[in-house]
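Lifted from TrEMBL, the feature list:
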type	residues	note
SIGNAL	1-24	signal peptide
DOMAIN	16-149	domain 'Thioredoxin'
DISULFID	Cys67-Cys70	disulfide bond
DOMAIN	362-488	domain 'Thioredoxin'
DISULFID	Cys411-Cys414	disulfide bond
REGION	487-509	region 'Disordered'
COMPBIAS	489-499	compositional bias 'Polar residues'
COMPBIAS	500-509	compositional bias 'Basic and acidic residues'
Amino acid sequence: MAVKSRVWISSIFLALFVFSPVSSVRVEEGAEAKQEDSSVLTLDASNFDEAIAKHPFVVVEFYAPWCGHCKNLAPEYEKAASVLSKHDPPVVLAKVDANDEVNRELATKYEVSGFPTLKIFRNEGKNIQEYKGPRDADGIVEYLKKQVGPASAEVKSSDDVANLINDKKVIIVGIFPEFSGQEFENFMSVADKLRSEYEFIHLSDAKLLPHGDSSVKGPVVRLLKPFDELSVDSQDFNVEALENFIEVASVPIITTFNKDPANHPFVIKFFNSDNSKAMLFVNFSSEQFDALKSKYHEVASAFKGKGISFLIGDLDASQGAFQYFGLKEDDAPLVLIQEHDGTKYFKPTVEPDQIVAWLNDYQEGRLKPFRKSEPIPEVNNEPVKVVVADNLHDVVNSGKNVLLEFYAPWCGHCKKLAPILDEVAVSFEKDTDVVIAKMDATANDIPGDFDVKGYPTIYFSSASGKVMQYEGGRTAEDIINYITENKDSAASSEAPVQSEQEKELKDEL
Ligand SMILES: *[C@@H]1O[C@H](CO)[C@@H](O)[C@H](O)[C@H]1NC(C)=O
């Protein structure tokens with residue numbers, strides 16, 4: 001479950017610039033796009049398996065009609081499909097409307113966690129890889145041509161090498177005196193496994209490399225990257241060791257988050273890591289930028305391998321991140337740390353000479369966590385009580401039976417539910433042991449003990465502290481019956497000490 005919610009958190013964040021989270025599935029709106037004369041194959045639950053079995057190489061886009069990133073991709077995908085339809089061997093581009101009820105099972109089966117998700121199906125679906133390429137027509141074509149070819153291509157001239165190596169991506173070069181033997185085979189099998197994520201080439205002479213290096217005899221694997229030390233070698237050809245070498249060496253000391261799509265794969269990696277995440281948000285055009293970045297780099301290098309990953313984000317690209325974390329642009333430059341369980345630490349208007357000290361304070365546990373919360377309401381006399389992050393646990397642990405709705409202001413199903421919850425709350429008005437409450441989940445951090453994947457999500461916490469998600473019907477009667485069946489009568493025997501507090505709370509609410 002921890003893994004699931006991590007994916008969700010990163011996809012919510014990435015939604016702001018790469019894809020839309022699947023949880024938005026519950027917002028069932030949006031126009032149908034009619035497609036005729038398309039080079040893109042339309043698949044659904046009825047013909048999916050057949051198509052995958054028939055074509056040796058199929059790319060499937062799982063999309064939702066309402067998703068903006070999907071709409072942006074559509075014309076590019078179409079153009080690429082048209083170019084690739086003439087390619088030999090054939091490359092088939094297909095799409096599945098994963099928002100459509102009939103295709104939900106497909107989306108679940110292939111672990112679609114955001115829109116659009118693109119997957120490459122080879123070999124009758126026996127080999128499935130995530131599409132990790134660009135989102136423009138030319139980029140898609142170029143990337144897929146490589147994917148359908150050999151996992152690692154032999155390169156024979158220094159011009160060809162120079163053409164392949166650019167300053168945007170990681171390239172893994174195998175240098176082998178001859179293309180056979182265990183080392184070469186291991187290299188090729190790692191290339192096959194990781195090919196959708198990295199580009200692999202091999203050559204027989206290190207002289208072909210830029211700044212040709214004839215002292216390198218091989219076999220050796222050289223990872224070229226557009227950041228940090230630019231090039232790292234490994235001679236451990238054990239498959240696992242090689243994969244591990246690539247994973248570690250391809251992560252920048254500091255991940256850059258700006259509008260450049262070439263950086264997005266690194267940003268996705270950053271958010272999918274189990275590490276604590278430090279993020280410095282600063283205007284890249286501002287005067288302080290260089291000084292801040294240089295200090296930040298100092299700390300990041302010192303902390304390498306100690307369980308913290310570092311990202312630097314440009315204000316120009318970070319509006320979504322600010323909204324997500326509940327930050328204000330006025331607070332920039334700011335540094336924020338988010339731990340795996342969601343705990344956050346925050347320092348606004350950070351000066352270059354404060355960064356090192358602040359991160360050291362963090363390392364040594366001297367900082368207090370930061371929580372996104374609306375202010376605790378002073379007046380709270382509607383039937384449904386307003387709960388915010390700062391008093392959520394007080395309310396839930398108050399020794400009362402609490403029905404709590406997590407909602408989003410824009411969510412249609414939540415709006416429909418509002419008068420129903422009012423009715424429920426009114427019907428329990430005389431029962432001081434029952435509280436009906438709601439929290440705006442977009443304006444408040446949701447503590448890790450609640451798993452909120454869509455809106456509305458409703459939890460029930462009984463007076464004795466049993467917490468469960470409410471998954472019953474959405475009528476007032478359903479909810480009233482549920483509360484009546486599940487509520488504990490005054491938990492005084494379990495929590496006598498709290499009774500004073502309880503009374504206060506009910507008054508307060
Ligand atoms: C960043 O700084 C530049 C130069 O001072 C300014 O023109 C720009 O508006 C700033 N961007 C943001 C998002 O504050």
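Using N, Cα and C of the backbone, Cβ positions are placed for all residues, glycine too.
Not one of the disulfide-bonded residues Cys67, Cys70, Cys411, Cys414 has a CB under 6 Å from ligand 1. Helix, strand and coil counts from DSSP across the domain 'Thioredoxin' (16-149) read 53 helix, 30 strand, 51 coil. Summed and averaged per residue, pLDDT over the domain 'Thioredoxin' (362-488) gives 92. In the shown protein chains, 23 other C-beta atoms lie within 10 A of the C-beta of Cys67 (disulfide bond). Across the fold, the C-alpha of Cys414 (disulfide bond) and the C-alpha of Cys70 (disulfide bond) stand 25 Å from each other.
Most Cβ neighbours within 10 Å, among the disulfide-bonded residues Cys70, Cys411: Cys70 holds that distinction in the structure as shown.
There are 21 other Cβ atoms within 10 Å of the Cβ belonging to Cys414 (disulfide bond).
Calculated from their C-alpha atoms, the gap between Cys67 (disulfide bond) and Cys411 (disulfide bond) amounts to 15 Å.
Taken residue by residue with DSSP, Cys414 (disulfide bond) is part of a helix.
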